[in-house]
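Structure record follows, encoded as structure tokens.
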Amino acid sequence: ILSGSRSSQDRELFLGGLKEGELPTKLIDVVIKADVQGSAEALNSALTELQAADDKLSVRTRVLRSGAGAITNEDIMLASVSNAVIYGFNALVTQQTREEADRQNVEIREFSIVYDAIDDVKASMAALIRPPPSKQLGTLCGTLDVKQIFKIGAVGKVAGCAILDGFVRVGNNIRILRGNLIVYEGRLQSLRSVKEAVDQVDAPNDCGISFNDFQGMEPEDRVEAYTPRDDNSDVSYGGSKTVEG
């Protein structure tokens with residue numbers, strides 16, 4: 001997510017006219033000002049070529065304006081109405097301009113090395129897409145949304161979740177995402193349906209999950225359950241219970 005006042009939800013999202021197999025595209029709008037025209041053109045070209053994607057979304061940069069000279073109130077106005085970020089490359093920024101940017105809630109990012117500006121945009125793109133899971137996690141078998149957090153005696157925090165698809169099973173590898181930030185990776189130690197301990201719960205049921213080594217779950221976290229590569233789905237858990245949809 002672009003730092004400062006801008007939210008990923010504020011970025012323009014193109015959904016119309018998609019062909020089969022095409023991903024919706026989210027745009028990061030920028031205004032470029034540099035000390036000389038050659039630098040502005042080089043940065044424009046570099047940022048325009050940047051793109052990133054996961055399995056659900058494509059992200060690219062759209063340069064609204066690029067030129068040489070000081071950052072002006074006109075640049076601030078364009079960035080404000082377009083929800084863009086201004087990238088200054090050795091460009092003059094007066095105190096009056098900074099104050100106007102603050103009033104208009106516009107972020108100015110200043111750089112003296114082209115690659116630093118490119119890396120900054122890459123980081124913004126990476127924050128907008130879901131990080132790919134490591135192969136060590138195994139095969140994705142279920143996704144859940146955390147709805148609320150409970151505290152249960154010696155167990156500690158339990159995340160009440162809605163299973164969106166698939167299933168979740170004790171022993172699954174778990175990845176928890178907050179937005180697009182990975183906040184936890186580990187194994188699921190405890191799974192509950194209502195108040196009863198179970199070994200597996202299928203969509204579209206609700207369940208409670210907890211971990212011995214992580215208590216930081218929050219509502220709206222996304223939980224991904226993975227079948228470990230060494231897991232045998234034919235194994236029978238003696239005395240276990242499964243909740244099916």
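Glycine residues also receive a Cβ, built from the backbone N, Cα and C atoms like all the rest.
Look at TrEMBL and you will find 219-232 tagged as compositional bias 'Basic and acidic residues'.
Look at TrEMBL and you will find 25-122 tagged as domain 'Translation initiation factor IF- 2'.
The region 'Disordered' annotation in TrEMBL covers 218-245.
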Next on the checklist: As a quick check of your reading of DSSP, tell me how many residues in the domain 'Translation initiation factor IF- 2' (25-122) are helical, how many are strand and how many are coil.
Outcome noted: 41 helix, 33 strand, 24 coil
Checklist entry - When the pLDDT values for the domain 'Translation initiation factor IF- 2' (25-122) are averaged, what is the result? => result 94
